[in-house]
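Database features, via Swiss-Prot:
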- 1: N-acetylmethionine (MOD_RES)
- 58: O-linked glycosylation site (CARBOHYD)
- 62: phosphoserine (MOD_RES)
- 68: phosphoserine (MOD_RES)
- 150: phosphotyrosine (MOD_RES)
- 162: phosphoserine (MOD_RES)
- 204: N6-acetyllysine (MOD_RES)
- 209: O-linked glycosylation site (CARBOHYD)
C-alpha cells in the first residue's frame, strides 16, 4: 500500500500524510493556455479604419508589463488587433507576417485586407483541434478605399463588420458601439455617417470607461488610424491601478 502511495508522491512529499478530497491518485494537470487580458476595438468609416487596444499585459492579479500594445501593423492598409493568450498572439502574428512576405515576393504586391482576412481564417481553422487562444479583429481599407473591419472567433469563423470589440472588456464596449455607431434600439434618429474625429472621441471615451471597471484593461490606449495616406498612431494614458 505504501509503495503505491509513494509512486504518486512528489519530491519530498508523503501523500499518505496529506488529506484527500477524493479517493485515487494525485493528478497533476498542465494547462497550455493562459488569459492575459486586454481589450481590442475596431471601427470602420467611409474612408478610414481605427484599430485600438490597451497596453496592459496581466495574468490573474499580476501585471506583467504596462507597455504591451495588442495592435500589429501588417501592411500599409491593414492592422490586426489580438487579445487572449499573449504567447499565441505573438506566434500567430509571426505566421501572418511570414505569409505576407511570401505573398509579396511571389506576386510583387501587398495582400489586400480582404485576402488577409480569408488567409487568417484558414490559419485558425487548421488549428481547430488545438486552437490559438486569440480573439482577432482586422481593420483596414478594402480595394475600393473604404473602411473594413473583420472579426474572428478562435477557430476561424469570421464576418465583415462596421465596428467590433473583443477581449476582457468587450461586454462593456460592444453595447456602446451598438448604440453610438450602429444606432441600434434607437428611434427617430438620423443616421449620420461617422467622421474620423467623432470616431476618435468615441474610442477614447469607451476605453476610459472600460479602464474604470475592468481590472485587465488599463495603463495606456494605443490607437492605429488607417487612411489612404497610411497608418498613424496615437497614445492616450489610462488609469494605472
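Cβ atoms are placed via backbone N, Cα and C, with glycine included.
Here the features listed in Swiss-Prot are painted onto the structure.
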residue : record                      : contacts (Cβ under 8 Å, 6+ apart)
58      : O-linked glycosylation site : 36, 37, 38, 64, 215, 216
62      : phosphoserine               : none
68      : phosphoserine               : 38, 55, 56, 57, 86
150     : phosphotyrosine             : 113, 114, 117, 137, 138, 139, 158, 159, 160, 161
162     : phosphoserine               : 43, 44, 147, 149, 181, 182
204     : N6-acetyllysine             : 221, 223, 236
209     : O-linked glycosylation site : 172, 176
Residue 162 (phosphoserine): secondary structure state under DSSP, collapsed to three categories: coil
